[in-house]
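Visitor: I grabbed these lines from Swiss-Prot:
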type	residues	note
COMPBIAS	191-202	compositional bias 'Polar residues'
CROSSLNK	Lys206	SUMO2 cross-link
DOMAIN	28-99	domain 'KRAB'
MOD_RES	Ser117	phosphoserine
MOD_RES	Ser122	phosphoserine
MOD_RES	Ser199	phosphoserine
REGION	191-212	region 'Disordered'
ZN_FING	222-244	zinc finger
ZN_FING	250-272	zinc finger
ZN_FING	278-300	zinc finger
ZN_FING	306-328	zinc finger
ZN_FING	334-356	zinc finger
ZN_FING	390-412	zinc finger
ZN_FING	446-468	zinc finger
ZN_FING	502-524	zinc finger
ZN_FING	586-608	zinc finger
ZN_FING	614-636	zinc finger
ZN_FING	670-692	zinc finger
ZN_FING	726-748	zinc finger
Amino acid sequence: MEDLSSPDSTLLQGGHNLLSSASFQEAVTFKDVIVDFTQEEWKQLDPGQRDLFRDVTLENYTHLVSIGLQVSKPDVISQLEQGTEPWIMEPSIPVGTCADWETRLENSVSAPEPDISEEELSPEVIVEKHKRDDSWSSNLLESWEYEGSLERQQANQQTLPKEIKVTEKTIPSWEKGPVNNEFGKSVNVSSNLVTQEPSPEETSTKRSIKQNSNPVKKEKSCKCNECGKAFSYCSALIRHQRTHTGEKPYKCNECEKAFSRSENLINHQRIHTGDKPYKCDQCGKGFIEGPSLTQHQRIHTGEKPYKCDECGKAFSQRTHLVQHQRIHTGEKPYTCNECGKAFSQRGHFMEHQKIHTGEKPFKCDECDKTFTRSTHLTQHQKIHTGEKTYKCNECGKAFNGPSTFIRHHMIHTGEKPYECNECGKAFSQHSNLTQHQKTHTGEKPYDCAECGKSFSYWSSLAQHLKIHTGEKPYKCNECGKAFSYCSSLTQHRRIHTREKPFECSECGKAFSYLSNLNQHQKTHTQEKAYECKECGKAFIRSSSLAKHERIHTGEKPYQCHECGKTFSYGSSLIQHRKIHTGERPYKCNECGRAFNQNIHLTQHKRIHTGAKPYECAECGKAFRHCSSLAQHQKTHTEEKPYQCNKCEKTFSQSSHLTQHQRIHTGEKPYKCNECDKAFSRSTHLTEHQNTHTGEKPYNCNECRKTFSQSTYLIQHQRIHSGEKPFGCNDCGKSFRYRSALNKHQRLHPGI
């Protein structure tokens, strides 16, 4: 910026002070400081000249608004913001050369004419020569080319015009002058932007100017000392230098954010006001900036004017092309000062820096969770709303984020474009490859501040931290159960929906979880390399062998904190805990009965369908449950390996022994909440509870009669089948019920 003590600045300050003088009769409007172009004249401007016109015009408008001299938005401002051409149909006055308006934009200042009334204002340019500063005169007259203009310029190098009267078509410079408090910008508003009627000589001069106007390209004499870039005009150089100095003189009063350009401040302030003046005719969407509307409209038109010379890929925005080209060049101009990591895109660089600062400015109103990126917040909010906008055409599954949808789609295509150079393993996502490569290096850069545990992945650390905080922000809308991880909630929801999206391509078996499918697929491809030394049973995974060996060792490392009962497997403990919590998430659609395990629901459904898939090879009898078949088969072998220590009675199943031992101990652990009656077996409690609810879930397929207990249904079905399974060993008579056999046996002597 120039020193305010310079002759130029003194002149401009003098003009500024005239604003408050008593003799200033008319306020400055935007019409006083605008240059109009015809379509033909506009085409003569090169891109640099058009950019300069846009920048200066928008800047002038900003300053007029800031001091209260402009209220409504002129059409030319809207045109410039939207990126359209701001030429007029018929010019009211002739305009000089293309260089003419540029010089006037930067240098034009006029002497005050306070006695001219509004009626006397004219849209004509009157140039009367009066004495002023040498350099100012030279710059002003430089662009006016008409007959004899070069000679006149040479003659006036040492003599300055005494007075310059500037009309509504002349724009003053805003680069110099006193500081405007609202914008923090050096602003000068000339108070003498008035007009008067042209003289005949002036009219003749204007005609001569129009007839002899030819575009003259100005030499790029203003050079940047930092990078060597040259500009035709010093105002453009001043704006460019802000990229080196970091100067941001335009400050927002709402949030204190500063900008290097005034038009950027205007656009930013619309964030606070919510003003979106640029509306799309196709979909009605509003935008803060005109260029944003232009870019958006290409979505509807499909226009992609920016094409990559390397690969031919086209883009709707020039910035996207620039970013894309860095893929070919490998350029990464944005480097982090903290860790030295480089990025090809500024947005990625800004997001990365939040890792070091810990900044998470985007907060969810529902659960108060914060995020480093607005896109992450938007995707997260869909968890609460249930919105799933991305639908797979293959299987119909919907997703709330594009990245999740893309990853899912690779399941159908089998695409795994990211391959490890060490072991050749391929992945469908680049992030998975990056994580996998740490298994070769052993790198664990993420440490827990609570316990010091290290992790290879940041996501693993984030999940681990929830163990310390106990945070469970993801809640199921069906049953209210909460989870620490979004993925756990997604998997849990499949319990309610019965969804099994992961199907084995070999045998067609479907699974609710991808991990289960991966494990299952190993049964087709992998050998069972892990063999039990006790019984010789082989397993695909070492973890499965370790679990199996607990059968032989009797190890039960998982203990219930409620009752102290121990279990061999963690899954068994989880299922057991549901007894204490009363949780029964698996509900039958036929009768509404709920179960705490999915397998119990599957077995229960066979009551309604009548399915008995387990058949005895000895006698052909079929059973609903595999365990029932196993129990039945022991009647053929007479095997009863489980003996009671009290009475030496033997049983074919350990569960029967456990139930029998309660006769000796009197233990009745299953208590009814309604009447406090206790039972030694859970099945007895379940059947008893039906007496309170009146529920009769067991239905006869023959006569549709219902029963509260399964044993009653079994006994009833013998009426239809004629089955009499209880035979007397003495006389061979058979009975439908065991109680009837017991009564009959009393008739024989010695019983």
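Cβ atoms here come from the backbone N, Cα and C positions, even for glycine.
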Visitor: Based on Cβ pairs under 8 Å, which of the stretches 250-272, 446-468, 586-608 lies most in contact with the zinc finger (614-636)?
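Guide: Highest pair count goes to 586-608.
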Visitor: With helix taken as DSSP H, G or I, strand as E or B and everything else coil, how many residues of the zinc finger (390-412) land in each class?
Guide: 11 helix, 4 strand, 8 coil
Visitor: Would you mind giving the whole-number mean pLDDT across the zinc finger (334-356)?
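Guide: The average pLDDT of the model in the zinc finger (334-356) works out to 84.
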Visitor: Same chain only, please: residues at least 6 beyond the ends of the zinc finger (446-468) with a C-beta under 8 Å from a C-beta of the stretch. Say none if there are none.
Guide: 435, 438-439, 484-485
Visitor: Run through the zinc finger (726-748) and tell me, per DSSP, how many residues are helix, strand and coil.
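Guide: DSSP classes over the zinc finger (726-748) add up to 8 helix, 4 strand, 11 coil.
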